[in-house]
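Swiss-Prot has this to say about the protein:
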- C12, C92, C186: [4Fe-4S] cluster binding site (BINDING)
- H36, H70, H120, T158, S214, S215, N216, S258: (2E)-4-hydroxy-3-methylbut-2-enyl diphosphate binding site (BINDING)
- H36, H70, H120, S214, S215, N216, S258: dimethylallyl diphosphate binding site (BINDING)
- H36, H70, H120, S214, S215, N216, S258: isopentenyl diphosphate binding site (BINDING)
- E122: active site, proton donor (ACT_SITE)
Amino acid sequence: MKVKLADKHGFCFGVKRAIKLAESHQGGITLGPLIHNKKEIERLKNDFGVTVEESVENLPRGSEVIIRTHGIPKDDLAKLTQSAEKIIDATCPFVTKPQKICEIMSQEGYQIIIFGDINHPEVQGVMSYSSSEPIVVMSPKELFGAKLKEKVALVSQTTKKIEDFLGVASFLVQRCAEVRIFNTICNATFDNQEAARHLSQEVDIMIIAGGKNSSNTKQLLSICLEHCQDSYLIEDESELDPQWFTNKKTCGVTAGASTPEWIIERVVRTIEGYKG
Ligand code: SF4
């Protein structure tokens, strides 16, 4: 089977930076998983003794705590400052940006609208920086019936699709007197999505490697499905089904921003071994 890799795929700047920080703080504890990739989290635990604690209350006093790429809520940060021996901040700068925007714009009296998944840790962190209750939506439809103010400020979860973000922006522009729109979708997400969109139009099957709980990986799957019905999301090569490749000639491969190169290489090698 012929395999084509997306021009841009895999580890982004924010994830590379976070992993380097974790590797250089052996025995550190991350508050929530550092990134959304179980295999890489396991590797950090086995090779560097970096463990995960879900709640700030359960952290042993005096620990070295690593803040995940997605950031954490403002209150948790305040508690950590009191209890941790050392805080290593691996929050991606692309995530810090919407946090700061929400803080400043809400202080200036703008109602904050966040386009994203309210259950995602990044969004929960960003929400906490708004001094007034923000509205969080996954689509413009969810804004019907919402009590919108005259002045609103819109930010996006970093890993969302730009077309969907523009849909929310357009809805607001038609209904509010003043709309401040901040495109906080990160460059890595945008580049990976464009490369996946392009590749999925020229292959018979697309494989997306990445964590099933990773937002940017799920977005890649959704983009690939728009152009290639035979698109599959897998965490690693063990989830590949040889039957998917029957009568196929070319397979495209892309990977989420938190998928390490060693997983991508194994996936590619396994697919190359299929007859098609
Ligand atoms: S996907 Fe974007 S926001 Fe998320 S860690 Fe990578 S660079 Fe940062």
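Heads up, residue numbers simply count up from 1 along the chain you see.
In case you wondered, yes, glycine gets a Cβ from its N, Cα and C as well.
As the structure is a computational prediction, the values presented were derived from the model and not from experiment.
Features recorded in Swiss-Prot, as mapped to the structure shown.
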residue: C12; record: [4Fe-4S] cluster binding site; Cβ contacts under 8 Å, 6 or more apart: C186, A188, T189, N192, A257, S258
residue: H36; record: (2E)-4-hydroxy-3-methylbut-2-enyl diphosphate binding site; Cβ contacts under 8 Å, 6 or more apart: G210, G211, N213, S214, S215, T217, G256, S258
residue: H70; record: (2E)-4-hydroxy-3-methylbut-2-enyl diphosphate binding site; Cβ contacts under 8 Å, 6 or more apart: G32, T91, C92, V95, H120, P121, E122, G125
Exercise. Going through the binding-site residues C12, C92, H120, T158, C186 in sequence order, which have a CB under 6 Å from an atom of ligand 1?
Worked result: C12, C92, T158, C186
Problem set entry | Max CA-CA distance, Å, over listed (2E)-4-hydroxy-3-methylbut-2-enyl diphosphate-binding residues H36, H70, H120, T158, S214, S215, N216, S258 | 15
Exercise. Given the binding-site residues S214, S215, N216, S258, which one has the fewest other C-beta atoms within 10 angstroms of its C-beta?
Worked result: S214
Exercise. What does DSSP say about C12 ([4Fe-4S] cluster binding site): helix, strand or coil?
Worked result: coil
For this session: Would you identify the secondary structure of N216 ((2E)-4-hydroxy-3-methylbut-2-enyl diphosphate binding site) according to DSSP, in three states?
Result: helix
For this session: Give me the non-local Cβ neighbours of T158 ((2E)-4-hydroxy-3-methylbut-2-enyl diphosphate binding site): same chain, 6+ apart in sequence, Cβ-Cβ under 8 Å, ordered along the sequence.
Result: C92, F94, V95, P98, E122, T184, I185, C186, T189
